[in-house]
Each structure stands twice: as structure tokens, then as C-alpha cells.
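Structure, as C-alpha cells:
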Amino acid sequence: MESTEKLQPSSSDSSYDTIESGNGRLKCSLSCSFVDNLLSKTFYHYGKFVARHKLIFLIGPLILLVVMTTGLLQIYVDDDIESLFTPLGSPSLEDKEYAMQAFPLGNSKEEFLPNRVLYTMLSKLQLIITAKDGGNVFRDSIVREVLELDNFVINYHSSSNSSENGFSDLCMKWNRKCIRNPVVDILRMRAAGINVSVTHPTFKVPHTNHEIIISSQMGDVELFPGTNKVASAKAIILHYYLSEEPIAEADLWEHEIEQLMIQRASSRDSLMTLVSCTSQSLPVEVKKATHSILPRFVATFCMLILFAVLSLMTNDWVVSKPVLGLLGVLSAGFAIVSSVGLLSYCHFYFNEIVSMMPFLVIGVGVDNMFIMVAAWRQLNLYLSVEERMGRTFSEAAVSITITNLTDTLAFVIGATTPLPGVRMFCAYSGVAMVFAYIYQVTFFAACMAYMGEREAKNIHCLTCQNVLPKRESPNSPYKIFCAGGVRKENEKFNLDAYFHHPFMKFFRDYYGPFITKPWVKAVTGILYLAMLSGSVLGCMNLTEGLRLQNLAPDYSPSWQFYTMYDIYHESFSPPLHVIFKGEIDYWNTSTFQAIENTTASFEESDFTFHPGSADSWVRAYHHFLHMRFGSIPPREQYIKILHEEFLTNPMFRHFSLDISFQIENGVVKGINASRIMFNTRGADSPVKEQVFVTELRRIASESSLDVIAFSPVFIFYDQHIGIIPYTFQTLFIAMLSMFMVALIMIPHPACAVWVTICTVSIDTAVLGYMSLWGVSLDVITMINILLCIGFSIDFSAHITYAFVIGISKDPNERIIWALRNLGMPILQGALSSIIAILPLSSATVYIFRAFFKTLFLVMLFGALHGLLFLPVALTILGKIIPSKESKGRNFFQSGIEDAKEPVEKKNSVSSYSFAGTNDTEVVELLVSTV
């Protein structure tokens, strides 16, 4: 038998065709693209260089890690909910900025009204009260408890401050009186014996013509027939607004009162159910959720270490690499730490969404490790460490380069979306993927070279002692616990020089032949159609938007409050600000009519109350002018009377918050902007919220004046409007980009086509089944849908290419060959990613569970496509896809003959020969050798 060296052509010889197996990727040199050839040759020399300078590549990355780790000292957690989920460039941001510049906010404690609030996170305590039996909250027994609770809140003084820091000192005020809850004042009048009725949506103050809006303080209201009097209500919501000056004292009062409300809510004697929330509640819960993820990541880290160690263990104690498995997981962990450290240096904020990044990156990093190790295993054990490193890198490094490039590209594209939460996640994840690649080809490569030296010296992977090969074991215990490797004295070509993983044999001998049976193909087709039907059904019922309670842990105070708020969302809809921009001739009859037409258009909407319900200073002022003067005065007099008489009247003083005057040298010259307030209703679901915003903005755009419609909740509703367009726009760009990458990096056009088809199929399945699993399309799931594209290449590109360059005309044989080389890496990659996210399945926060569900579906359907649907489809369509049989046969046939010739001579030196070995096994050995 000829030696191994004689059977191996020179590594620089490009005149022959080769097919290499090892990392789930086959290569035919004569058909490879220029890019693929260039990368293979470059990485071949790079791998050998790493083997020669192992220590440098081991220490250098560790120094980089230490430098990046110092950035963790500057990490800052962003808990600004509005900025995190509001799309950049959305109309609500511009409208909010304009409104806040034009109209006072009330921080002076003297000019505040609740329905004029311009942002949602104002300092306040909110209480939602319902009856434990689900009945009417206006029953006398519950009313007494409500009044007692209100007394407690307004008289509470912080125990950590002097007695002057009570609610009456910290509250927002109007006319030097704390802002109270109108519904409570009405209940107090009734309790005092005053004959008043609770009305809806407004209440007329006794002995005055002044009406106050109380619709937003009652939920699920029923009226007496033919009247506006309230017969019953299922909920009451109370607001206690605090000044943000000084903010520290207000925060302390909020924190203490919330704890007291939680205690009162647990009272068994009470007839009412109480849920509470402050401006601090949700941000605090978000921070807690972010910190709570750390123990789960530790669990993920330990599980992956165990999985990696067991995956790299075999019955050969020399070939086994458990320590390398540990180092591979550490390498992925280094990338996570480095990315957070670097971006913290760059003043990128960390947030709740970004906290899920480590679970993703560590799974991908471990997957790359398996690819590297699989490529190493396929090579002849007699090769030098330097040569094996070169060949491993020429094959595996190209594959992980494609994987990291596509994943990083997906994150780069995701970072261009206008959703800040997605941008931050993609920025952190993209940088982490770059670091994972760097550590993979430096630190892990050096570790691999050191382990290769141990293997070359036939040293036990755990005891670090020289051991004998299995066939030379002196006894059974030694063979089981110690033996491994090969003897190097007689470097002859024999079967011991190759490692055949049992899973590779399983895919070749059992799984591959099984799925090529006609009846299995038929069942697979039916299964795919069933899966596709479920996907379409799920997509038809897809919901959009992220609810505020989903950011907080289940059953936390914030979660309970916002869940209850959503139940009565229609009743609690916030006021609408219709703002007239710029200088308008309000005194002009035609202008007044245009304002009235716009006002009437809003009042006729299904999302506002009856005609005449608008809180309009224009109507009130013009009525005032007609009653007093009988006509509308000219400009100068119009503005003077408005500023000096109308707005100083106690009945109309609240309109002063609705007019932005143009003042020069202390003299009022005109009106820069003004607004009219409307009560809203009906936005009780994400779909209704989209219609709510779009319809009100449409009415504003149809006005002949320059008008904007704004409400503080539009900040959150805009994500519902944009999530589907943003998702599909980003998906299209990402798919097109991935198609180009596949076309350039993977040397056959058919691969790019099949990768795109599989990507569309996997994305559709994930979208549909996540909907059926109770997950909405929001910023979290949008991230995972983007990841589908990157992972689809891992699951589909290589197996498609392996099939395309198959050496047989028989599609079944070609797919069996492809599965033999690709089945194990695909399965390991899917399992490692699922293990990485598994601890999130039991998380107490919805967004973490949603991340697990969608990424689990990505892995499940990706693996199904890569191991079942795509192989079966290729066998059916394989006859129309050209093969490389004509080019491959001469090489293999000549190789088989060369290898079989010494079989009959039975070289006495070698203890093994090719006797009894079929052509396929000989080809595999020759392929691995080459």
C-alpha cells in the first residue's frame, strides 16, 4: 500500500477536482467562484500561520478582552420607554416637540390641568378601582372605601422627610389648589347629602355653567335610558399629579405611596380591587427585568458548556476535545462582554431588549465552534498540526465567514430601521458577531492548535498522559477509559487514520435512504402543505404592537395596572389636542368658519364624543364676544379682549393653557398657535389604535388650515402603524442583500435561488406559527424575523450547494451524500441555539418569552427545511439540476483503482487494508485525505 503522502496531491495544485467534507460544506475547485477560491487559499495560509504562532494568537485576544471589559464600568441602562419604542421620524415626535414649545406644561404648580398633559410619563400616582364581585363601583359600600382611600392619599406625608412634604405640597395645582379627581368630588357631594348625579361624558358644576370632563375616570359605563346619568360603572381611575420640582422629593413620595397601595390591595376585608402605578413603576420594573436576566444567562452558559463538552466527547480519548468545547463557549462569551464594553465606551445605552442579545450571540458562536471542529475531524490524523490547521481553515473559516457576514449584514440592515429598540439590539448584536468572529479565528484557533498538538502526541484529553491506540490496549478497562489515537511510527494509509462520527454514518446509512423512499416523499409533501396552511392561517390572524404591560414582569404592580387599563381602555382613552399652527386670522369670519368646520369634522368621528363636546376656546370666546358686543371686533381689539378680559374670567381661565401668544416687549401682538381639546373613545385594541391615529390625522390633513392632531399616546400607537411596513421593508432589503451575498460567496447560482426560496418559506412559517402561539408582531419579534434570513443560509445554502455539485446523476444518491456531510452540523447548530435560549422560556417577562418562542420557531423550521423539506424537494427536482458527474467520475474512479490496487498485495506492515471496504468508503477516505 502506498503511503499517505503519495496519495495526496500538492495543496497548491489546482488542476484536479476535489470534494471536501467537514464543516457541512462541499467544494469543487474547478467550479468554485473567484471569491471562494481566494478565501480558501488565504485561510489555508492563515491557519498554518496561527499554528506556528499559537501563543501570540492566544494572548492577544485576551488583552483585547481586558481592555473592552473596562467599558462595563460606564454602562448605562436606558429606561425611557417612550424613546425606546417610538419610531424615529414618526409624526408624533415632531408634533410633541411643537406642542411642548407652544404650550405650558404646568411644572410651576399653578398652571396645570390633567387633560392638557403632553407626555405620558408625568410624575403621578394612578389607581384603578373595581369591585371584587365585578359589579357596580358606585355602590355605597365601595364609595365609602374610595373616599377613605382618597383621604389617605391626599393627607399622606413621606416618612423619610419632614411633615411639610405631603401631597398638598408636592401636587400640581390650578388656582392654588391641588388638582383633584372630579369623580371623587362628586361622590363627596353625594355623601354630604347634595342631590347630584354622576353624568357622562361631562359633569356640569352645580350653580355654574362650567362643565368638566369625567369620562376618562370611569370604565364600562351604563347610562339610564334617554339620559346622560350614570346607572353603573365597573371601574374608577384616579390620578394624583405631582410637580417635578423638586424631582427627588416627588420620586420618594411616589415610591412610598405605591408600597402602601400594594399593601392595601392585599387586604381581604376590602370590597374593592385596587391596582396602582406611578411614573417610576414601569421604568423600575424594566430595570429589574434587565437585571433578572443575568441568572438565566448563567444557566444558558452552563448548559452550553455541558452540551459543547458532551458533543466533543467520543469513545476515543485522544480525538475527544472536551476542554476545547469549554474554550469555544468562553470565546463566544468574550464576544458578548467585548461588544457591551465597546459600545458602553461609545455611550450606547443598554436596555431591556439588548439584554436578550447574549442568548443569541452565544448560540451562534458555539455553532461556529462545531463547524471548525467538524472540519478538523475529517482530516487524516497523520497530517502535521500545521497542515491540518491550514486545511481546516481553508474550509471551515470560509463557512463561518459566510455565516458571520450574513448575520452581521442582517443586523446592519436591522440597525437602519426607525425603531430605536431594534436599532440598539442590532447595534449590540452586530458588534458582538464581529467580536465572535475575531475571537473564533484568533483565540479559539490558537486553542485548537494546542489541542491539535496534544492529539498529535497521542495524549489523553483529560489526564494529559500518553496513551496507546485502541487496538493495542492491554485490557478492556484501558480500552474503555484510556485508549485512543493512532501510532505514528508507521505512517501508512489505513482506516485508523480517520475519525468517522456515528451521526455522520446515521445520516448516510439510515436517515438519507429513509427520506428518499417514495412514500416518505409523499408524506413529506403532505406535511409541508399542512405546515404552509397553518402558516397562512396564522398570518391572517397576526396582531401587531407591544403593550406596556409586556415590558414588566408578570403580576408585578405595573403589569397588573396596565393589564387592567387595557380592559377599560375604551373608556380611559386620552384627550386629543387639535393644534392650529402659526398665525391665523381668528377674528376673520371665513377663518372662524374654517375652524368650526374642522372642529365639526373631529366631533363627527367615531373616536370622539357627540357634536358640541369639543372644549373649544374659539367657540367660547366668539360666543362671549357676541353676547357682549354683538359682533367680532378687529384684530387689535380681538386680541386685547381675549388676553385681558376673557382669559382672566374664572370661567374661561383654563383656556389660557390653549393659546400661545406672540409677545414683544411685554405686549401681546398676536397668536402663534392654539389648540382645541376633544374627548376620545373606542381605541380598545392595537388595530383600533392604528385606525384611531390614522383617521384623526386624516381629518387634520383635510382641513383648510395648518392643523395637527396629537395625543401623548400617539407616541406608542405609531409603533403599531409602522411595525408591518418596517418589518417587510427590512425583510425585502435583507433578502435581496443575502441573495447577493450567496450569489457571490457560494459558487453556484442555484444555491442563491434555493436559499431565497427557503428564506421566504421559513419566514412565513415563523410569522404564522408565532401568531398561533400567542405572539404579536412587535419590535421583539421583528428582530427574530430578521434573524430568520441569516439563519436560513446556515440551514439551506450549504446543503443546496452540496447537492448541486453532486457526482451522481441520481438525485437520491446526491442528497444522501449531502446529508452525510451536513446533517450533523445542521442538527448541532439548531440544538446549540435552542439550548442558548431555553432559559428564556420560563422568564416572567413577556418580551423574553416572545424572544424564545420566535427564535425557537426559527430553529425548528430552519432545521426542518434543511434536513427534510429541502432535501426531499431537491430529490424531486434534481433531474433538472445539472450534476458534476462527468468531472467527478474520472477522479474518483482513478482514485478507487489506485487505492484498490494494493489491497490484493496486502501490505504486511499495515494492520488494515481496503479489503472488504466498498467504493463509497474508499471515496470518503480519499476525499478526507485530499
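Using the three backbone atoms N, Cα and C, a Cβ is placed for every residue, glycine included.
The annotation domain 'SSD' is assigned in TrEMBL to 293-450.
The annotation transmembrane segment is assigned in TrEMBL to 55-77 (among others).
Annotated transmembrane segment per TrEMBL: 293-312 (among others), in sequence order.
If you look up TrEMBL, you'll see 324-350 (among others) marked as transmembrane segment.
Residues 22-24, 293, 297, 300-301, 304, 307-308, 311-312, 321, 324-325, 328-329, 331-333, 335-336, 339, 388, 391-392, 395-397, 399-400, 403-404, 407, 425, 428-429, 432-433, 436-437, 439-440, 444-445, 448, 452, 501, 780, 787, 794, 824-825, 828-829, 832-837, 839-840, 847-848, 851, 855 of the same chain, all 6+ positions outside the transmembrane segment (356-376), place their C-beta atoms under 8 angstroms from a C-beta of that stretch. If you look up TrEMBL, you'll see 356-376 (among others) marked as transmembrane segment.
Outside the transmembrane segment (396-415), and at least 6 residues removed from its termini, the chain residues within Cβ reach (under 8 Å) are 22-25, 36, 39-40, 43, 46-47, 364, 367-368, 371-372, 374-376, 422-423, 425-427, 429-430, 433-434, 436-437, 440-441, 730, 733-734, 737-738, 741-742, 745-746, 783, 786-787, 789-791, 793-794, 797-798. Annotated transmembrane segment per TrEMBL: 396-415 (among others), in sequence order.
Beyond the ends of the transmembrane segment (427-450), by six or more residues, the same chain brings 46-47, 50-51, 54-58, 60-62, 64, 68, 324, 327-328, 331-332, 334-336, 338-340, 342-343, 348, 350, 354, 357-358, 360-361, 364-365, 368-369, 372-373, 376, 385, 389, 392-393, 397, 400-401, 404, 407-408, 411-412, 415 to within a C-beta distance below 8 angstroms of the stretch. The transmembrane segment annotation in TrEMBL covers 427-450 (among others).
Taken from TrEMBL, the feature transmembrane segment covers 723-744 (among others).
The transmembrane segment annotation in TrEMBL covers 751-773 (among others).
Residues annotated as transmembrane segment in TrEMBL: 779-805 (among others).
The list of residues near the transmembrane segment (826-848) in space but at least 6 beyond its ends in sequence, with Cβ under 8 angstroms from a Cβ of it, reads 24, 289, 292-293, 296-297, 299-300, 303-304, 307-308, 311, 352-353, 356, 359-360, 362-364, 366-367, 370-371, 503, 546, 549-555, 780, 791, 794-795, 799, 855-856, 859-860, 862-863, 866-867. Feature annotation from TrEMBL assigns transmembrane segment to 826-848 (among others).
Residues or ranges marked as transmembrane segment in TrEMBL: 854-877 (among others).
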Contact between the transmembrane segment (723-744) and the transmembrane segment (293-312) (3 or more Cβ pairs under 8 Å, separation 6+): no
For the transmembrane segment (751-773), sequence-distant contacts whose Cβ falls under 8 Å of one of its Cβ atoms, 6 or more beyond its ends: 531-532, 534-539, 541-543, 731, 735, 738-739, 742-743, 781, 784-785, 788-789, 791-793, 795-797, 800-801, 804, 850, 853-854, 857-858, 861-862, 865-866, 869-870, 874
Among the ranges 55-77, 324-350, 779-805, the one whose Cβ pairs under 8 Å to the transmembrane segment (854-877) are most numerous: 779-805
